[in-house]
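Participant: Just lifted these from TrEMBL, have a look:
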| type | residues | note |
| --- | --- | --- |
| TRANSMEM | 143-165 | transmembrane segment |
| TRANSMEM | 232-250 | transmembrane segment |
| COILED | 297-324 | coiled coil |
| TRANSMEM | 325-350 | transmembrane segment |
| TRANSMEM | 370-391 | transmembrane segment |
| TRANSMEM | 403-424 | transmembrane segment |
| DOMAIN | 450-560 | domain 'TMC' |
| TRANSMEM | 516-541 | transmembrane segment |
| TRANSMEM | 564-585 | transmembrane segment |
| TRANSMEM | 624-646 | transmembrane segment |
Amino acid sequence: MKTRARTAERLPENATSFQVVPEVMDDTQKLQYRLAQHDALSVCSDSSLELALEQLDIQESHLKALPYPMRKKQALRKQLRASTGRNVSNWVALKQRQYRIQKQLQEGISDFSRIFRLWRVSLDDIEGSFGPGIQSYFTFLRFLLLVNFLAVLLIASFILLPITISQGVNPFPHSPSTASECMNYSTVIGPRSAWRRLQDIFTGEGTLEHSYLFYGAYNVKQYQTNHYNVHLAYLLSILGYLFVCFIWIFQRIVANFVHVQILQWEFKPCVSARIFSEWDFCIQSPEAARLKQKTIYNGLKIDLAEETRRLQNQQRTRKQLAQLYLLRLVINSVILLLMAAAFYFIHLATEISQGYNQHYVSRLGVLSQYLPPMTISIANVLLPFLFHFLVQLENYSPNTKVNITLVRCVILNLSSLGMFLFFLGHKVLCVGSSSAVQCRPCGYNQLYQCWETHIGQEMYKMTIFSFLTTLASAFLISLPRRLLAKHSSSALAQWLGKEEFLVPHNVLDIVAGQTVIWIGIFFCPLLPLLGCVSIFLTFYVKKYTLFQNCQPSTQLFRASHSKFLFQIMLLLGLFLACSPLSYVITRVSPSHACGLFRNYSSPWEAVPVAVSHLSPTAQLVLNYAASNGFCFSLLMLLSIILTVYISQAQANKQVIERLKKQRVLCIQEKWCVVRKLAHLMVKSQ
């Protein structure tokens with residue numbers, strides 16, 4: 001839209017005569033006419049390089065639309081590109097060639113990347129059968145798989161591989177200033193039964209505790225001859241990965257925000273245009289034809305449902321609006337009470353769990369260690385179903401229902417996870433109770449000699465339990481419900497029926513799981529690898545549940561609204577993960593008995609120590625980059641750039657509005673001409 005608006009503003013006056021193509025022409029005459037139009041525009045736009053490139057792109061798109069054989073199209077394209085060299089400067093011709101080469105390269109890369117698009121056929125099947133809203137969830141799963149795979153590549157390249165091939169894989173010497181009671185962390189693994197080894201898979205203890213899965217196993221001695229700083233690589237690779245995730249998510253938010261804005265402008269194609277122009281005549285197989293029919297059908301259902309709801313909203317009286325707002329107020333009050341009750345029970349369960357971890361481990365075993373994720377999962381499973389039921393009474397549109405349910409579930413899930421992290425930090429890191437007896441010798445709770453590994457084990461157990469919950473939901477809830485509805489004729493079975501695939505509930509689960517992975521990546525560096533396996537299997541489990549155990553949703557919604565909110569939720573999860581990580585990296589004393597940073601007062605101290613070994617010039621540059629003056633200058637520069645973009649967006653919006661008014665005036669003029677012509681015809685008779 002912006003490009004067309006700028007093009008319309010820059011069209012020269014003597015090129016306006018070429019804007020209307022005669023209606024009665026064959027294809028050859030049309031192409032010759034467009035070539036002549038292109039030549040005239042090239043002459044007029046010798047001083048405007050961008051206009052020439054845009055016109056070339058438009059002409060090639062016209063050529064693709066002609067019903068010609070491929071060989072004839074190639075010959076006509078050569079003729080079109082040859083015509084761009086006439087009556088233009090050498091500079092414009094050179095830029096046009098560069099533009100064509102760049103465009104061909106981009107198209108080639110795009111076509112080549114389609115080969116490696118994961119789950120492309122499955123996503124098409126899901127879109128055709130259940131609509132784009134359900135497909136957006138599975139597309140979101142694919143995005144999270146790529147995010148975790150990026151973390152695996154970074155950690156394997158910059159941390160795991162250098163440590164593996166390093167010759168100094170020896171523990172650090174004990175620091176002379178460290179108290180002896182802070183060094184009671186043994187790496188010796190005694191004989192364990194088969195049942196105990198099976199439990200270790202779910203708890204992260206035993207052999208897994210002393211493997212590269214957790215922070216405590218990364219004990220590397222830095223020799224003077226070794227120029228690779230593993231400490232700095234460990235810290236910066238994780239921080240760099242989180243920064244890349246922020247940029248990636250923010251870019252997707254901006255891209256989806258554009259689609260949301262377009263839909264808010266009520267830019268909707270005509271129903272007849274969708275019926276007569278959306279069919280793909282290259283389809284040959286009956287399966288693909290049926291899939292395309294379902295896709296068009298679902299799109300038309302969404303359009304008609306939105307139009308019906310818009311008409312109903314316009315016909316509401318003031319009394320009906322007052323009753324509706326009062327009902328929404330009561331429902332929101334009930335939801336707040338439910339959330340408060342859930343927070344209280346999570347707080348109580350976390351306190352009890354931490355007590356059990358110290359006193360009743362031998363009696364309860366694995367159950368005591370899984371009590372926090374079990375409590376959080378129960379709250380996050382039950383309350384979203386209540387939210388989904390209550391939102392049906394609030395009489396929102398399908399898109400708004402999905403978004404409001406997502407917001408409520410996000411507040412519940414992230415708050416419960418944040419509460420668990422706070423109480424875990426209070427117990428392990430002595431947050432708010434540094435004067436306690438067990439916290440004085442080491443600066444953290446001395447019962448946890450390698451507290452980073454302990455927190456990593458908690459994140460590991462939450463990731464495992466999240467995947468087990470997905471399996472249990474698919475095969476212990478959805479499958480029996482489908483079998484009961486299919487083979488039983490009782491009233492209860494018919495009332496339950498096959499469940500609908502609830503997008504808010506499923507998105508909430510994977511966002512919470514990804515947040516746990518981001519929090520645990522510092523304490524459990526290979527946790528993203530476990531996340532990749534979990535997401536990969538989750539895709540097929542959810543696909544099986546969708547096609548076999550679920551029925552199509554009675555209310556369809558647009559994917560663009562949901563994708564935008566999905567990314568917002570993921571960004572909130574990233575902020576929640578960065579808050580405790582920034583505190584741990586900058587403020588908390590590392591474990592004295594294990595890990596890379598055992599000889600530092602905080603993990604961030606590795607950065608100034610590494611900078612101190614650089615040349616004076618490099619130190620001066622880095623110190624200036626970290627100074628307040630540089631940060632203020634950078635902030636001012638970003639503010640100016642933001643102001644320029646906002647001004648450009650406002651100007652483009654004004655041009656678009658002006659073009660809309662101009663279109664309305666043109667339509668009115670045409671109707672005026674039609675009425676005059678009809679009047680003259682009546683007079684002539």
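From the backbone N, Cα and C atoms, a Cβ is placed for every residue, glycine too.
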Participant: Cβ under 8 Å to the transmembrane segment (143-165), counting only same-chain residues 6 or more beyond its ends: which ones?
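Facilitator: Contacts of the transmembrane segment (143-165) (Cβ under 8 Å, skipping residues fewer than 6 from its ends): 118, 212, 218, 220, 228, 230, 233-234, 237-238, 240-241, 244-245, 248, 252, 510, 514, 517, 521, 525-526, 528-529, 531-532, 535-536, 539, 570.
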Participant: In the domain 'TMC' (450-560), how many residues does DSSP assign to helix, to strand and to coil?
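Facilitator: Tallied per class, the domain 'TMC' (450-560) gives 86 helix, 4 strand, 21 coil.
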Participant: When each of 325-350, 370-391, 516-541, 624-646 is checked against the transmembrane segment (232-250) for Cβ pairs under 8 Å, which one has the most?
Facilitator: 516-541
Participant: Would you kindly check 370-391, 403-424, 564-585 and say which stretch has the most C-beta pairs under 8 angstroms to the transmembrane segment (516-541)?
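Facilitator: Per the Cβ under 8 Å count, 564-585.
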Participant: Which of 325-350, 403-424, 624-646 has the most Cβ pairs closer than 8 Å to the transmembrane segment (564-585)?
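Facilitator: Looking at each of 325-350, 403-424, 624-646 in turn, the most contacts to the transmembrane segment (564-585) are made by 403-424.
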Participant: For the transmembrane segment (370-391), could you work out the same-chain residues 6 or more beyond its ends whose Cβ comes under 8 Å from its Cβ atoms?
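Facilitator: Same-chain contacts beyond the flanks: 202, 331, 334-335, 338-339, 342, 345-346, 349-350, 352-353, 356, 401, 404-405, 408-409, 412-413, 416-417, 420, 424, 458, 461-462, 465-466, 469, 473, 502, 504-505, 508-509, 512.
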Participant: Could you give the residue numbers and ranges of same-chain residues that sit at least 6 residues beyond the transmembrane segment (325-350) on either side and whose C-beta is under 8 angstroms from one of its C-beta atoms?
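Facilitator: Same-chain contacts beyond the flanks: 371-372, 375-376, 379, 383, 386-387, 390-391, 393-394, 408, 411-412, 415-416, 419-420, 423-424.
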